[in-house]
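**Q** Structure in structure tokens, see below.
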Amino acid sequence: MASLIYRQLLANSYAVDLSDEIDIIGSEKTQNVTINPGPFAQTGYAPVNWGPGETNDSTTIEPILDGPYPPTTFNPPTGYWMLLSPLEAGVVVEGTNNSDRWLATILIEPNVAAETRTYTLFGVQEQISISNTSSTKWKFVDLVKTSLTGTYSQYGPLLSDTKLYGAMKYSGRIYTYEGETPNAATGYYSTTNYDSVNMTAFCDFYIIPRSQESTCTNYINNGLPPIQNTRNVVPVSLASRAIISHRAQANEDIIVSQTSLWKEMQYNRDITIRFKFANAIVKSGGLGYKWSEISFKPANYQYTYVRDGEEVTAHTTCSVNGINDFSYNGGSLPTDFGISRYEVIKENSYVYVDYWDDSQAFRNMVYVRSLAADLNSVMCTGGSYNFALPVGQWPVMTGGAVSLHSAGVTLSTQFTDFVSLNSLRFRFRLSVEEPPFSIVRTRISGLYGLPAADPNNGNEYYEIAGRFSLISLVPSNDDYQTPIMNSVTVRQDLERQLGELREEFNALSQEIAMSQLVDLALLPLDMFSMFSGIKSTIDAAKSMATNVMKKFKKSSLASSVSTLTDSLSDAASSMTRNSSIRSVGSSISAWTDVSSQLTDASASTSTIATQTATISRRLRLKEIATQTEGMNFDDISAAVLKTKIDRSVQISPSTLPDIVTEASEKFIPNRAYRVINNDEVFEAGMDGRFFAYRVETFEEIPFDVQRFADLVTDSPVISAIIDFKTLKNLNDNYGITRDQAFNLLRSDPRVLREFINQDNPIIRNRIEQLILQCRL
């Protein structure tokens with residue numbers, strides 16, 4: 001079977017231990033390094049964590065505690081607390097709507113027996129009976145009357161040792177504090193025309209927004225934090241804090257500081273950013289009515305423009321993040337139009353534009369601080385794409401629009417065909433605009449966002465104007481260039497090659513013939529037959545095989561096998577020490593990792609889906625350890641890998657180890673496994689879905705997790721190449737015999753080839769879906 005390649009890599013990965021030890025011996029050296037931090041260091045140590053520095057944004061930050069303000073009469077805005085801080089007993093604050101509510105608050109010192117005092121309330125002398133029996137706490141009392149000539153009633157006393165009180169107008173009410181510190185809480189009085197109530201404060205006060213009410217309550221109960229006193233307190237409009245003063249010219253280079261070897265340069269630049277989107281439209285195999293993918297791809301664009309009379313050559317790379325996956329299924333027939341996945345960018349997405357030009361600002365862009373940018377917005381509208389069907393009217397994806405708004409700037413690196421460029425990455429947030437997009441002649445309409453079908457709408461590029469400023473640490477001699485670690489550049493170049501190779505591999509999926517794939521999956525592929533398509537010498541082939549094994553040794557599959565081996569060893573040793581432990585239980589613990597959950601069902605909080613998913617993650621390892629005669633997912637994975645390696649024009653010895661390792665981990669992520677017990681089948685997927693059914697009728701039966709775990713230990717595990725839903729669909733539409741059902745359940749390659757040669761659309765579609773899952 002083709003999966004022999006994975007078994008061989010797992011079995012022989014120890015062969016690279018010697019070369020690893022040699023590399024470790026050569027690299028584990030110590031040497032003394034003396035660092036002279038120079039005048040640009042923040043401390044006595046070397047400079048650390050150079051980054052993009054400050055980044056402007058449009059957020060206005062409202063202060064939590066605004067003040068103090070002197071006694072005054074004014075109409076406070078609704079939704080803001082007045083935090084009053086009186087120094088002595090007497091009237092604290094008063095307010096009225098001049099119709100049906102007069103509210104005043106007085107403060108009484110501790111240890112006051114019942115007596116009558118005279119207070120001036122709203123300009124009138126009033127006799128009020130008061131008392132405060134507390135020996136340590138001051139007492140705030142609300143005095144309320146409902147008519148101009150009425151008498152005052154006392155409400156909402158607050159006993160406080162902080163001498164702080166609060167009042168707020170909000171939602172048709174006047175809110176105050178009541179109770180006793182440190183457990184005081186808010187209360188309220190209903191009133192009409194509350195928004196026109198003028199408040200007169202007889203002491204210093206602060207303003208706190210309602211969004212920070214918890215902080216205000218904390219102040220009431222525990223007191224204010226330490227505040228520096230000033231001699232002159234002048235209220236200032238909050239809007240003045242948002243004013244930013246720009247004193248720099250549009251385009252200039254300023255020396256901020258300089259020593260003999262290094263200098264800090266501030267670069268201010270006007271820029272014109274031009275970018276475009278790229279996309280990939282992949283058609284599925286078959287009769288020509290299905291599309292597998294319509295996706296965004298990174299797009300490079302090079303152009304020139306004039307800045308201050310100087311011609312500038314610029315390079316941009318546009319990419320997207322946070323895409324939304326949509327699909328359309330017109331029906332189950334092979335001639336029904338369908339799109340497996342098409343990407344749309346919306347308000348939860350981001351667009352990244354990496355910008356570089358040939359000016360001095362980008363020559364030494366390695367150590368940068370105080371990076372800021374200010375850019376305009378731009379509208380991007382979608383065009384039309386015709387889905388060319390063999391017969392019938394063509395569906396058309398048309399419309400869609402988003403606007404891009406600047407959301408920040410950071411440093412980045414662009415990769416061209418010849419060189420890597422240190423550049424600026426401008427991040428744009430999106431908002432959806434009119435018109436929505438639709439697929440004409442389908443039920444898809446009125447959706448918002450920009451689909452990947454034709455994002456440029458015939459435009460050569462989109463354009464944004466703006467400016468940026470940064471301070472860069474550069475050599476004092478302009479002829480020198482800041483050194484960059486070569487190893488980083490090499491690794492980044494390898495990542496670029498791997499990215500291109502992954503794209504090529506994914507695009508080759510639709511070109512694989514299924515009948516040839518099944519034949520190839522049955523061949524016993526070893527390492528050298530797998531890599532025979534790569535042009536290289538024998539010595540290079542040996543080195544390449546070693547590199548593949550070295551990389552594969554660190555894969556998640558190899559790590560899982562190692563962990564499983566340790567678990568089985570522990571289970572065996574435990575069984576030897578204690579004869580009362582069942583061997584089946586020990587095996588379950590090693591293979592499924594859920595025996596403890598099954599021991600005490602009442603204490604288990606896991607759902608059946610969680611338990612079956614836990615077991616399913618180990619079933620691939622059980623299948624590798626106990627190979628059956630049927631075809632498995634790794635056979636298909638290895639066959640697809642071999643086919644793509646032979647057809648690839650970009651594969652090389654440097655990229656092969658990463659590709660083989662990724663294929664073992666990422667090909668066919670949605671796997672399902674089954675065990676057969678007489679006429680009953682238990683099937684569980686790695687996504688938590690599970691089925692139990694009878695072979696005779698394909699009728700579902702209750703799923704017993706305990707029994708499934710026991711069968712996993714004692715019975716062979718089989719890859720569900722043809723899963724339960726496909727089998728049931730096949731039986732309902734075509735009818736299959738009992739023998740055919742058992743052969744499909746066992747993934748018999750002979751029966752699979754029969755159905756494929758008969759051009760059975762259900763089986764072909766299932767195999768097509770497995771091939772399309774072989775993506776990197």
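Heads up, the Cβ atoms here are built off N, Cα and C, so glycines get one too.
OK, Swiss-Prot features for this one:
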- 65-224: region 'Spike head' (REGION)
- Arg101: site 'Binding to sialic acid' (SITE)
- Ser190: site 'Binding to sialic acid' (SITE)
- Cys203-Cys216: disulfide bond (DISULFID)
- 248-479: region 'Spike body and stalk (antigen domain)' (REGION)
- Cys318-Cys380: disulfide bond (DISULFID)
- 389-409: region 'Hydrophobic' (REGION)
- 484-511: coiled coil (COILED)
- 510-776: region 'Spike foot' (REGION)
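So where do these features actually land, and what's packed around them?
**A** Mapped onto three states, the DSSP output places Arg101 (site 'Binding to sialic acid') in coil.
Annotation for Ser190 (site 'Binding to sialic acid'): same-chain Cβ neighbours under 8 Å, separated by at least 6 residues, are Gly172, Arg173. Classification of Ser190 (site 'Binding to sialic acid') by DSSP places it within a strand.
In the three-state DSSP scheme, Cys203 (disulfide bond) is classed as coil.
The predicted model assigns the region 'Spike body and stalk (antigen domain)' (248-479) a mean pLDDT of 86.
Cys318 (disulfide bond) falls within a strand when secondary structure is assigned with DSSP. The Cβ of Cys318 (disulfide bond) lies under 8 Å from the Cβ of Phe275, Lys276, Phe277, Ala278, Pro298, Ala299, Tyr301, Val351, Tyr352, Val353, Asp354, each on the same chain and at least six residues away in sequence.
Sequence-distant contacts of the region 'Hydrophobic' (389-409) (same chain, at least 6 residues past either end, Cβ-Cβ under 8 Å): 52, 55, 57, 287-289, 294, 335, 337, 342, 344-347, 349-351, 371-383, 424-442, 447-451, 453-454, 464, 466, 468.
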**Q** Rounded to an integer, what is the Cα-Cα distance in Å between Cys216 (disulfide bond) and Arg101 (site 'Binding to sialic acid')?
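**A** That separation, Cα to Cα, works out to 25 Å.
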**Q** For Cys380 (disulfide bond), name the DSSP secondary structure in the helix/strand/coil scheme.
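**A** SS state of Cys380 (disulfide bond) = strand.
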**Q** In whole Å, how far is Arg101 (site 'Binding to sialic acid') from Cys203 (disulfide bond) when you measure between their Cα atoms?
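**A** About 22 Å separate the Cα atoms of these two residues.
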**Q** Of Cys203, Cys216, Cys380, the disulfide-bonded residues given in the record, which has the fewest other CB atoms within 10 A of its CB?
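**A** Across Cys203, Cys216, Cys380, these disulfide-bonded residues, the one with fewest Cβ atoms within 10 Å is Cys203.
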